[in-house]
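Annotated features in TrEMBL:
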- 32-60: transmembrane segment (TRANSMEM)
- 181-371: domain 'FtsK' (DOMAIN)
- Gly207, Cys208, Ser209, Gly210, Ser211, Gly212, Lys213, Gly214: ATP binding site (BINDING)
Amino acid sequence: MTLSKTAATAWSETRFWVNLLAWLSKRHPGHVVVALALVWLAWGSAPTAIAVAGAFMVVARSWMLLRPGSYWRLAGPIVGRYRAQIARLEWVDALASCGLANERPALRVVSRWPRLVLRTRLAGGQTIAGFEQQAEALRSCFGASQIRVEPDGTRDVRISLAFEDVLGEPFAATVPRRVRGASVVIGREWNGSDWALPIGPHTLVAGCSGSGKGAVLWSFVFGLAPAVRDSRIQLHGIDLKGGMEILMGRGLFTTVATSQAEAVALLELLVQWLQRRTRQYAGHVRSHEPTTDDPLHVIVIDELAALTAYSIDRELQRRADVALNILLSQGRAPGFVVFACLQDPRKDVVPARGLFTQMVGLRLKDSSESTMVLGEAAVQAGAHCHRLSVDVPGTGYVVPEAGGPPVKVRAGYASDELIRETATMFATPTTLSVLPVRPEHQRRGRRADRASDNV
């Protein structure tokens, strides 16, 4: 261990013990006073007692750092019981301070560890929406890092509290051996469970530059990779930044477009395939099942606004909008899915925003952008994308397509090496080249030139 690492470790441990003592003094001042009084009364044997207590704390701390699994198996239930007891003692005051006072504030502890899950009955006049609006205030009252409020039956509300930030440390993206079911695991949720993103819905990922959109994109692509190799899924990439992102994993994509003209050609080709498939399915099939003959087509767009708003050729932009709207409005049933990323979620930038049924909000600029992406109710329930730190790329909130409270999530980090390795190992057996379309004004110019030549 280098000197700098040793100093950093020493400083980290010092902060831990100082914060622990400060927390104990604030939370249990009486216990701290009694402990100091006992030390003062037994001053003669104090050095021995302090040495024993110090050795115990050092051993416990070392155990927690070196063998966290076994440590928390023993200490976790104890910590959970302590937190549950604190919640019972502070429940009435917490409700009152959050404007949720209840004459009969019955509280039931559903689970103590690893999350503290509470259930309470709504008083007359109270609603789930009221608890969702006060979710952040409740989280602050109990000193939790994350909170989730959701209905439990018709008259009860369930409150889940997490005290450890399991999303704080980065982790590597994974590539499954096969695609199972209708979703793919692309990261972790706030409670440590897998974040499984459904494949079928059209998905829009919004976030500032550096917010980790690439992590979400590649984690999603990795989840589909086994089916890509088996020809049950075909990926089509659109990257108008010259292909800087998509071409890193070119082997996974059946088609790739890196210019506006190529993107329009690709989208219009996919619309033709969609319409041909709907004619084949008419009167016979209502929902698509991926096969090698009829694969699921997933259109991956790295920066959607470059396609729909930032083009200097208005005709190509109009054609892209038309094709994209057809894919979004008609594509799900016959097996055409759009997965798009963008930085600016405003409606004038992405007119088709309302056709995306699955939204992922990463770090955004302000609360208005968070509301644009996830909706006002989600922001009131705690989905504050504009408060996410720049130090946790790939972290955001997602609102389940079936409804419910927003969930904090984080996607795994996809390194360049992992992208290249996956593209080689799970390469698609089918690749096609897309010829760029020629704008109408260029065609008119060529016709005029030919006409003048004939004259």
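Cβ coordinates come from backbone N, Cα and C, glycine included.
Because TrEMBL annotations are produced automatically, they should be read as predictions rather than curated entries.
Within 8 Å of the Cβ centroid of the ATP site, not counting the listed residues Gly207, Cys208, Ser209, Gly210, Ser211, Gly212, Lys213, Gly214, the chain contributes Gln343, Leu362, Arg363, Pro393. With the fewest other C-beta atoms within 10 Å around its C-beta, Ser209 stands out among the binding-site residues Ser209, Ser211. Confidence over the domain 'FtsK' (181-371), given as mean pLDDT on the 0 to 100 scale, stands at 93. Residue with the densest Cβ environment among the binding-site residues Gly207, Cys208: Gly207, by other Cβ atoms within 10 Å. Within the set of binding-site residues (Gly210, Gly214), the lowest number of other Cβ atoms found within 10 Å of a Cβ is recorded at Gly210. Within 10 Å of the C-beta atom of Lys213 (ATP binding site) sit 27 other C-beta atoms, taking all shown protein chains into account. Under the three-state DSSP scheme, Gly214 (ATP binding site) falls in the helix class.
Within 10 Å of the C-beta of Gly212 (ATP binding site) we count 26 further C-beta atoms, all protein chains included.
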